[in-house]
Every structure is written in C-alpha cells, then in structure tokens.
2 protein chains.
Amino acid sequence: MDNIKVAILGIGTVGTGTYKIIKNQKDEFPYKTGSNIEVSKILVRDKSKKREGIDENLITDSWEDIINDDSISIVIEVMGGIEPAKTYITEALKKGKSVVTANKDLIASYGGELLDLAKENKCDILFEAAVAGGIPIIRPLKECLASNKVEEVMGIVNGTTNFILSKMTDEGMEFDEALKLAQKLGYAEADPTADVEGYDAGRKIAIMASIAFNSRVKFDDVYTEGISNISAKDIKYAKELDCEIKLLGVASNTDDGIEARVHPMLIPNDHPLSGVKDSFNAVFVKGDSVGDTMFYGKGAGELPTASAIVGDVIDVARNIHFGCCGRIGCTCYKNLPIKTIDDIYSKYFVRLQIVDKSGVLASVLSVLGKNDVSIYQLMQKKKRDNNFAEIVLVTDKVKEKNLRDSIKELEDMPVVHKVSKVIRVY
Amino acid sequence: MDNIKVAILGIGTVGTGTYKIIKNQKDEFPYKTGSNIEVSKILVRDKSKKREGIDENLITDSWEDIINDDSISIVIEVMGGIEPAKTYITEALKKGKSVVTANKDLIASYGGELLDLAKENKCDILFEAAVAGGIPIIRPLKECLASNKVEEVMGIVNGTTNFILSKMTDEGMEFDEALKLAQKLGYAEADPTADVEGYDAGRKIAIMASIAFNSRVKFDDVYTEGISNISAKDIKYAKELDCEIKLLGVASNTDDGIEARVHPMLIPNDHPLSGVKDSFNAVFVKGDSVGDTMFYGKGAGELPTASAIVGDVIDVARNIHFGCCGRIGCTCYKNLPIKTIDDIYSKYFVRLQIVDKSGVLASVLSVLGKNDVSIYQLMQKKKRDNNFAEIVLVTDKVKEKNLRDSIKELEDMPVVHKVSKVIRVY
C-alpha cells in the first residue's frame with residue numbers, strides 16, 4: 001500500500017477543516033484511492049501559536065522543510081492571496097508535487113500559467129474549492145458536461161452579499177444594518193470591500209467562464225458592480241415586479257464574444273436561483289445538449305470548503321496510484337474575444353424622480369425612444385415627495401451603451417430631479 | 001493523434017442523441033481528450049428501417065461485427081432492458097472494451113458484477129446517464145464528494161410522475177386526467193407502470209445509494225410505492241399544510257443500516273426540492289462535511305441523456321489516452337445491513353373519516369397513543385359527508401410498524417368509516 005504524504009500551507013479555518021477531514025477519513029482512503037493519505041507537515045507563520053487539536057509535531061514555519069521533502073507528493077495551499085502562495089505553488093509543481101488549492105485570487109489571475117506548469121511537470125493542480133466552496137462545479141464543467149457547448153454560466157457565488165440581500169428582502173433591513181449583522185455573525189469581514197463590491201464573485205466567474213467556454217477569462221476581464229447602493233426601496237419595487245434582487249455573476253458565450261460580469265440583478269421569483277437564500281450558493285449552467293442545470297450548496301465555511309479540497313486530494317491520489325497525473329489540465333484551447341460592458345444587451349430596471357407636471361413623462365420616454373431604449377413595463381407611484389413623481393420602468397433587452405447614453409441625457413434634463421437607480425433585470 | 005472508435009448499441013431516442021453529439025463535437029475531442037472520437041458501428045435489430053440523419057454504412061444487425069472488431073475500444077449501450085444488453089456488455093468488457101451505458105435496470109441489479117468484471121479487464125464501465133439523465137450526479141458522488149460520509153441522498157428522479165403531480169398541484173387535475181395528458185405529450189409510456197409505481201425511481205435510488213454509502217443496494221432492496229392513489233384532495237390538504245406532494249426516492253445511511261425507499265411525500269414549500277416542476281429532476285445530497293447540496297436539471301430526453309453519455313465517453317477517452325482505464329471502479333467496499341420499511345421512522349399524513357359523534361376522535365387518538373404514534377398537527381374539516389367527519393392529522397416521527405399497526409386497528413373500529421390515505425411527510 002502506498003503512503004501519500006501531504007503538506008498543508010496555512011492552518012486557518014479551511015486548513016483546519018482539511019486537517020480534520022483527512023484525519024477522519026483515514027480508514028476510507030485505502031479503499032477510495034488505493035493508498036493511505038496522511039498530513040506530514042503544516043506550514044505556519046507563527047510556530048509558537050497554540051492550535052487546538054492539531055498535532056504540534058507537524059507544524060513548521062519553514063517552506064524549505066516542505067519543498068525539500070521528497071516524500072511529500074501533494075501540497076494543499078490554503079493561505080490565500082497572491083504571494084507567497086504563487087511562489088510556493090510554482091516551486092512545488094517544478095519539483096513534481098501536485099497541488100490542491102482554494103485560492104480563487106491566484107487561479108483567476110494566474111490559472112493558465114500554473115496549469116501549463118503542472119502539465120510540463122506531469123502534475124495536477126486542482127481547485128474545486130476556489131469556486132462555490134463545497135459545491136461540485138469545476139469537475140462537472142471539465143468532465144460531466146464536457147460534451148456540451150456551454151452557453152451560459154450564472155450564479156450566486158458570494159455568500160456574504162447573498163446573506164445581506166436576504167436580510168434586506170425578508171426583514172426589510174437597509175444595506176448598512178444588514179452588513180453590520182453579517183459582520184457580527186462572521187459572514188462579512190471587517191473590510192467587506194471584496195465581497196460587497198463583487199470582486200470575490202468576479203474572480204469565481206472568471207474561473208468558471210474560462211472552463212465552461214474553453215477560453216481564458218481573467219479577473220480583469222470581468223465587469224464588476226456591487227450591492228452597496230441597493231436600497232430597501234429597490235427591493236420593495238422588485239417585489240412588486242415579482243422579482244428578487246441578487247448579486248449575480250453572469251458569463252455568456254455569444255457569437256461575437258464572451259460576456260463576463262458581476263452585478264445586482266432582478267430575477268423572477270419562479271427562477272430556481274431566486275430561492276437561494278442566506279449563505280447558500282448556486283451555479284446555473286446552460287449547455288447546448290443538457291439544457292438548464294443547477295448546482296446548489298454551501299459556498300463557504302470550514303468543512304464545506306475542506307470537503308472540496310479533500311475531494312481533490314482523493315482525485316490526485318487516484319492519479320498518483322494509476323500514474324496518470326496531469327490527466328485533465330488546462331482546458332482553454334480557444335482564444336475567444338471578450339466583450340466590454342458597453343456592448344452587452346440586458347433588460348434594465350430604472351427608478352427616477354421627475355417633476356410632477358403634464359408632459360414630463362412623455363419627454364422622458366422620448367429620450368429613451370431616441371436612444372433605442374424600448375419600455376417593457378412602467379409604474380408611476382402614487383406617493384409623491386417634494387413635488388416629484390417617482391417612476392419605475394423596466395426596459396426591453398437593449399444595448400448597455402444606449403441605456404447609459406439615455407441616462408446621461410435624462411440626468412441633464414431640468415425636469416428630471418434624479419435617476420436614483422439602474423439595476424439589470426434577468 | 002489516436003483515433004478512438006466507438007460502437008453504439010441501439011439507435012432509438014438516446015442513441016440518436018449520442019450519435020448527433022459525437023458528430024457535432026468532432027473538432028473538440030482532440031483538445032478535450034487528446035484523441036479523435038468517431039462512431040464506427042451502430043447495432044440495430046432491423047437493418048432495413050429508414051433512419052434520418054444516420055450514416056447507413058455504420059449500421060449492422062450483427063453483434064459479432066462489433067465484438068470481433070478490435071479497432072472498437074468503447075461500446076455505448078443504449079438498448080435498455082436486461083438482455084441482451086447484459087451479455088453484450090459482459091462480452092465487451094471481457095474483450096477489453098470499455099462500456100458506457102444508460103441502462104438503470106441493468107446497473108441497479110448487476111452493477112456490482114459488471115464493475116468487478118471491468119476492473120479485472122482494466123476497463124471502464126461508466127453510467128452517468130443511468131440516473132437523472134443529464135444531471136451530473138454519479139461523478140460528483142464518486143469523486144467531488146468522496147471526502148464525505150454521505151448521510152442522505154434524496155431526489156425527484158422520475159420526470160413522468162413529477163409532471164403528473166405538477167399538473168395535479170398547479171391545475172387541480174385528478175391523477176387519471178394528468179396521466180392521460182402525460183401520455184399524449186409523450187412524457188408517459190402506454191404502459192406507465194414502471195414510472196407510476198416508482199420502479200424506475202427505485203432503480204435510480206439503488207444506484208445512488210450504492211455509490212453514496214459505499215455499500216451495495218440492489219433494486220430489490222428498495223421499498224417502492226407509487227402515486228396512482230394520490231388524489232386532488234390530498235394535494236389540497238398538503239397545500240393547507242404549506243407542502244407539495246412529490247414522488248421521492250430517499251436513501252439514508254443510519255447507524256443501524258441503510259434505508260432505501262420510493263414513495264409519495266409531503267415536502268414543505270420552502271425546501272429546494274418542492275420547486276422542482278414538470279419533467280425536471282433534482283437530487284439532494286447531505287454529506288457530513290459539505291452539508292446540503294442539490295443537483296438540478298433535465299432528467300430525461302434525447303440530448304440531456306446523450307450529454308451524460310458523451311461526457312462518459314470523453315472520460316473513457318482520456319483514460320485510454322493516459323493508460324489508466326479502471327481508475328475508478330466499484331466503490332462498494334462496505335457491507336452495510338439494509339433495513340426493512342417496518343423499521344423506518346417517518347412523519348405521516350393520515351386522512352380518515354370517522355363517525356361524527358362526541359368521543360370518537362378521542363378514541364381514535366387513544367389508539368394512536370397506545371401504539372406510540374404521537375400527533376404533530378390535527379385538522380378536523382368543517383365540511384361533512386354522510387354524517388362522517390374528515391380528520392387530517394400529521395404524526396411526529398414514528399416507527400412505520402407502529403403506524404401500520406395503529407392504522408390496522410383503526411380500520412377495525414366501527415366508528416372509523418375509512419382510513420382514506422397515508423402519506424409520508426418530510
């Protein structure tokens with residue numbers, strides 16, 4: 001029986017979960033992989049820190065201890081951030097050690113080169129945990145759905161913002177109140193920017209789009225817009241339209257290029273994604289043969305994320321046992337153009353205040369008409385503030401540039417008090 | 001570049017879909033698998049039949065043509081039924097040909113021996129399409145979630161019955177009317193027994209339970225109960241309890257054995273499975289680390305099923321390219337006991353008519369109490385027929401045997417007109 005030794009880089013929440021699962025599953029690994037799997041070293045910054053339940057003899061603060069240990073064949077990277085993770089992973093792959101990582105920042109920006117490096121060295125680099133935590137999505141895209149031309153990948157892939165929006169929807173909270181609650185419960189970090197502004201979701205969409213469309217999409221290619229300006233009022237109007245507001249990552253494979261974006265969106269109540277609440281994640285995949293599929297589960301947390309990591313470790317162990325590491329490497333064999341947000345077509349929810357006088361609504365609509373922005377639905381609200389009437393309209397599917405041009409024009413009109421909100425609609 | 005030749009056994013709906021996808025994906029295979037993949041023979045019963053869009057030169061009615069053709073390395077079996085599929089697959093594996101099949105009848109009864117035979121011959125036998133059509137579920141269970149002790153697998157895995165129940169729920173149809181509509185639209189067969197009585201779902205649950213719990217569960221081990229006695233009235237009462245009635249396959253891995261069963265069930269409206277409508281399928285998996293996950297999509301149809309088959313073909317092709325066929329074989333390395341339905345605990349919805357007289361309800365409740373069946377919820381309906389009062393009650397979680405004993409006792413009571421329905425509750 002082989003003994004496969006692994007090193008864990010970083011022993012925070014996810015590292016600890018990984019350590020626990022590997023310990024708990026000890027007796028199952030021989031049956032599942034043909035080999036024993038054990039943690040032989042754990043890299044930390046501060047060796048002196050007390051760590052409950054972790055074998056102290058495994059702890060080291062020296063990367064050299066790990067990279068020069070030829071008995072270690074798998075390196076699990078759960079430190080996060082670009083450096084030193086990138087250097088460590090690069091060195092590990094060059095030494096022929098396979099890598100399992102949960103590092104979405106790194107994969108979204110340097111996935112291509114790391115996958116190429118793994119191939120050169122006949123190693124695996126797997127990263128199921130980098131997208132949507134415990135939900136199987138990378139392997140389904142690379143394997144189960146490989147017979148499809150994937151047309152769209154869309155998902156709720158950030159639990160923090162989904163928790164905030166759920167609280168705003170179900171309990172009528174304003175954004176600031178919901179964010180504070182999320183921070184109190186540990187769902188949001190002290191600096192919530194990466195979650196709230198959509199950067200975290202953007203990285204996950206970049207990774208999924210690259211795999212789904214077989215063409216590299218980097219984080220910088222993804223348009224991102226966050227949820228900090230969504231108000232309880234917007235959510236109330238969304239409800240009147242039988243919709244929920246969600247922060248969605250959307251990637252589409254169109255005839256003239258790839259669209260990749262993260263922004264709040266109104267989704268109809270009967271869409272499966274609208275029922276995804278709190279810290280759950282879900283990814284919707286549309287393939288030319290399979291049609292609509294959805295993958296749902298916990299997108300973060302100690303054990304769900306570690307579940308995906310150890311699933312990858314089992315896969316690598318099987319590959320080591322069968323001598324077929326590098327069996328599935330980089331799948332980006334196309335070089336498709338990526339569209340800018342200006343060229344994307346969408347439906348839009350627009351909320352604006354206009355002077356409450358006859359003829360004003362007509363002039364607003366004529367500006368939209370002139371810019372080829374046609375109207376799907378319109379509500380003028382009864383309640384009026386300060387002599388202004390509030391208008392809520394939903395456009396047909398129109399070009400983002402045309403919508404932006406008309407909003408700019410509206411904002412310059414003396415009879416338009418304010419365009420309060422523009423949100424895309426599914 | 002390798003040329004991987006495949007044979008398709010049977011060219012009905014799913015076989016035709018498989019043929020189409022392999023043709024359409026021709027240019028992608030080299031990038032995805034390192035090899036070309038082409039259909040070189042198609043086995044049919046009647047060679048003379050006209051088949052639109054299928055290359056006639058590939059058609060043969062001789063199995064010997066295929067089994068003796070050493071250039072064929074993958075056999076796709078989409079004939080269905082036990083024989084001759086079992087003989088063909090056995091012969092193919094013995095000759096070192098890998099097999100991809102959508103045959104749930106065969107896998108649910110003979111999966112273990114076929115997987116062992118594949119291993120002996122260093123071949124793959126893959127069957128993603130046998131459960132829930134295009135939805136990736138076999139590979140996620142065998143690979144992505146392999147780090148979990150799976151506690152429960154539960155799903156809506158029969159589109160026909162889900163369509164019928166959706167029509168009964170949304171449009172108030174009775175069972176017979178909904179079945180007729182399903183037959184008219186091609187969702188149900190002329191003889192709908194296998195779908196309607198839960199046998200089809202039972203086969204799928206047997207396959208999923210075997211993989212999820214690493215212990216063989218055969219179709220005969222699965223308790224099955226169909227939907228033909230569900231009435232519009234039951235569905236109306238379920239709605240009053242904020243539930244939907246679905247035909248569910250449920251497999252649980254409990255401390256004293258495996259439970260595996262298919263029956264109608266009331267699920268609360270806020271459970272993700274309750275929103276699965278019409279011909280969609282969904283499988284819910286609960287793992288000790290990952291928590292709750294769900295996989296959703298089209299459970300049948302030409303292209304969704306063929307999507308899963310060609311996904312498996314791509315996997316085998318990669319294994320051939322890397323010389324690692326048989327990398328993941330039978331995963332049933334445990335031998336867990338299987339419980340009978342009598343020993344299963346569940347909540348129950350019971351609808352009964354009693355004589356409308358004081359003291360009768362008390363005597364009904366005392367029979368239940370004597371059998372350790374405690375009540376969670378009780379409704380006495382205002383409307384009365386023929387001097388009988390209708391009682392709807394939901395029990396706590398109780399042992400099936402106790403519930404059955406008390407129902408038997410109730411049926412013998414002169415004051416009980418009829419126990420009209422017993423349905424399990426999630």
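A Cβ is built for glycine as well, from the same backbone N, Cα and C atoms used for every other residue.
All annotation found in TrEMBL is predicted automatically rather than curated by experts.
According to TrEMBL, the NADP(+) binding site annotation covers B:Leu9, B:Gly10, B:Ile11, B:Gly12, B:Thr13, B:Val14, B:Gly15, B:Thr16. B:Gly15 (NADP(+) binding site) falls within a helical segment according to DSSP. Of all Cβ atoms in the shown protein chains, 27 besides its own fall within 10 Å of the Cβ of B:Gly15 (NADP(+) binding site).
Taken from TrEMBL, the feature NADPH binding site applies to B:Lys104. DSSP assigns B:Lys104 (NADPH binding site) to a helix.
The L-homoserine binding site annotation in TrEMBL covers B:Glu189. For B:Glu189 (L-homoserine binding site), the count of additional Cβ atoms within 10 Å of its Cβ stands at 13 [all protein chains shown]. A coil conformation is recorded for B:Glu189 (L-homoserine binding site) in the three-state DSSP classification, outside any helix or strand.
What TrEMBL records for B:Lys204 is active site, proton donor. B:Lys204 (active site, proton donor) falls within a helical segment according to DSSP.
Per TrEMBL, the feature domain 'ACT' maps to B:349-424. Each residue in the domain 'ACT' (B:349-424) gets a DSSP state, and the totals come to 23 helix, 33 strand, 20 coil.
Summary of the NADP(+) site environment: with the site residues B:Leu9, B:Gly10, B:Ile11, B:Gly12, B:Thr13, B:Val14, B:Gly15, B:Thr16 set aside, the chain residues having Cβ atoms within 8 Å of the Cβ mean position are B:Ile8, B:Gly17, B:Thr18, B:Tyr19, B:Val78, B:Met79. Its Cβ taken as reference, B:Thr16 (NADP(+) binding site) is surrounded by 21 other Cβ atoms within 10 Å in the chains shown. Closest in space to B:Leu9 (NADP(+) binding site), of the recorded positions given as B:Lys104, B:Glu189, B:Lys204, is B:Lys104, taking the CA atom of each residue. All protein chains included, B:Gly12 (NADP(+) binding site) registers 12 other Cβ atoms within 10 Å of its own Cβ. Of the listed recorded positions, namely B:Lys104, B:Lys204, the sparsest Cβ surroundings within 10 Å are found at B:Lys104. Cβ-based crowding with a 10 Å cutoff singles out B:Val14 as the top-ranked of the binding-site residues B:Ile11, B:Val14. With a cut-off of 8 Å between CB atoms and residues at least 6 apart in sequence, the same chain places B:Gly301, B:Glu302, B:Thr305 near B:Thr13 (NADP(+) binding site), listed in sequence order. Counting in whole angstrom, B:Gly10 (NADP(+) binding site) lies 19 from B:Glu189 (L-homoserine binding site) by their C-alpha atoms.
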